[in-house]
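A.B. asks: Have a look at this one.
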Amino acid sequence: MFTNSSLSPSLTTCRALTTAVGKPFHSYKCTWSGCDESFQNSYRLQVHMWTHTGERPYACEYQACGETFVSRHDLIAHTRTHSGARLYTCEFSDCDAVFTSLDTLKAHLRTHAGELPFECEYLGCNKSFVLRSQMKTHMRTHTGERPFACTYSGCEATFEDGSAIQAHERIHTGERPYKCEFPDCGQTYIQQNHLQQHSMTHSGERPFACFFPGCNKTFSRKGTLTEHMLTHDKPYVCTHPGCDKTFSAKRYLRNHLRIHTGERPFVCNYPGCGKSFNQKVTLTAHLRVHTGERPYKCEFPGCNKTFSIKSNMTKHILKHHK
């Protein structure tokens with residue numbers, strides 16, 4: 001079982017530099033004597049450091065095997081030897097991805113090449129995608145089709161793709177299969193990408209930088225950078241009489257319009273509650289009143305306070321730790 005250890009003091013965890021399109025340079029440098037290797041992120045640097053220290057933190061748990069490995073990639077590859085499955089490994093520099101089919105490897109390789117062969121056919125939309133399935137899912141944002149319906153009694157939620165409904169149904173079951181293995185953390189998440197985003201709060205990684213003149217903001221996710229870039233241009237205008245507010249994204253305008261219309265489409269399905277909200281994020285925060293979930297933890301040394309709303313954690317930090 002892998003137990004993540006604290007980053008060694010010998011690791012240089014400087015922030016990753018970025019290009020204008022948000023592609024990180026290799027800015028995490030090995031400080032081991034005589035070694036000048038560098039990497040895109042702190043995880044790959046840590047794996048590399050283990051080749052110097054001899055540490056092999058990933059252990060095979062198959063029956064009485066017990067072999068250990070430096071990286072999760074090597075462990076996954078080894079585990080397949082027990083099942084007999086053929087593996088396809090990405091040979092791209094600094095990439096440790098492994099796949100069980102040639103098609104998924106080919107699709108993955110397009111992410112390195114920047115190839116996006118599947119274009120949205122909707123008039124006026126120029127988005128393109130690595131996979132045909134991604135394009136089909138995207139098309140539903142234009143058509144409004146949401147073919148995946150929650151099967152839980154009393155819940156009428158629908159979704160554009162199958163992975164979204166799987167994540168949603170974990171709200172009903174309480175399943176949170178993705179656990180942070182950083183020492184003394186243990187936070188759990190419904191989706192893997194939520195865990196990945198959370199992990200960057202430990203490493204301090206913010207590899208995607210805004211390239212707008214005079215703006216030096218950095219972000220841990222490329223999607224957040226993309227959203228931020230829109231704040232420099234606000235093309236969506238509220239048409240309600242007397243209101244001239246503008247927004248960087250269509251969904252922000254849609255949320256704003258509900259203030260004028262009084263629409264509150266997001267209803268709490270918790271037994272006996274029935275409260276409704278004009279934004280999904282507000283409903284999500286409200287549900288934590290029922291579940292007791294407090295996913296936002298103050299990372300200040302010696303402070304273990306937790307919060308149900310991120311803004312409350314931010315206020316706490318500004319008040320007590322600044």
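Cβ atoms are placed via backbone N, Cα and C, with glycine included.
Features from TrEMBL:
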type	residues	note
DOMAIN	28-57	domain 'C2H2-type'
DOMAIN	58-87	domain 'C2H2-type'
DOMAIN	88-117	domain 'C2H2-type'
DOMAIN	118-147	domain 'C2H2-type'
DOMAIN	148-177	domain 'C2H2-type'
DOMAIN	178-207	domain 'C2H2-type'
DOMAIN	208-232	domain 'C2H2-type'
DOMAIN	236-265	domain 'C2H2-type'
DOMAIN	266-295	domain 'C2H2-type'
DOMAIN	296-322	domain 'C2H2-type'
A.B. asks: Let's see if you can do this one: DSSP helix, strand and coil counts over the domain 'C2H2-type' (118-147), in that order.
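C.D. replies: The composition, in the requested order, is 12 helix, 4 strand, 14 coil.
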A.B. asks: Six or more residues out from either end of the domain 'C2H2-type' (296-322), which same-chain residues have a Cβ under 8 Å from its Cβ atoms?
C.D. replies: 185, 187, 201-202, 285, 288-289
A.B. asks: Report, as numbers and ranges, every residue of the chain located at least six residues beyond the domain 'C2H2-type' (148-177) whose Cβ falls under 8 Å of a Cβ in that stretch; write 'none' if there are none.
C.D. replies: 137, 140-141, 188-191, 269, 287
A.B. asks: Across the domain 'C2H2-type' (266-295), what are the DSSP residue counts per state (helix, strand, coil)?
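C.D. replies: Split into helix, strand and coil, the domain 'C2H2-type' (266-295) gives 12 helix, 4 strand, 14 coil.
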A.B. asks: Write out how many residues of the domain 'C2H2-type' (296-322) are helix, how many strand and how many coil, based on DSSP.
C.D. replies: 11 helix, 4 strand, 12 coil
A.B. asks: Determine the mean pLDDT over the domain 'C2H2-type' (236-265), rounding to the nearest whole number.
C.D. replies: 87
A.B. asks: Count up the helix, strand and coil residues in the domain 'C2H2-type' (236-265) according to DSSP, in that order.
C.D. replies: 12 helix, 4 strand, 14 coil
A.B. asks: When secondary structure is assigned with DSSP, how many helix, strand and coil residues does the domain 'C2H2-type' (148-177) contain?
C.D. replies: 12 helix, 4 strand, 14 coil
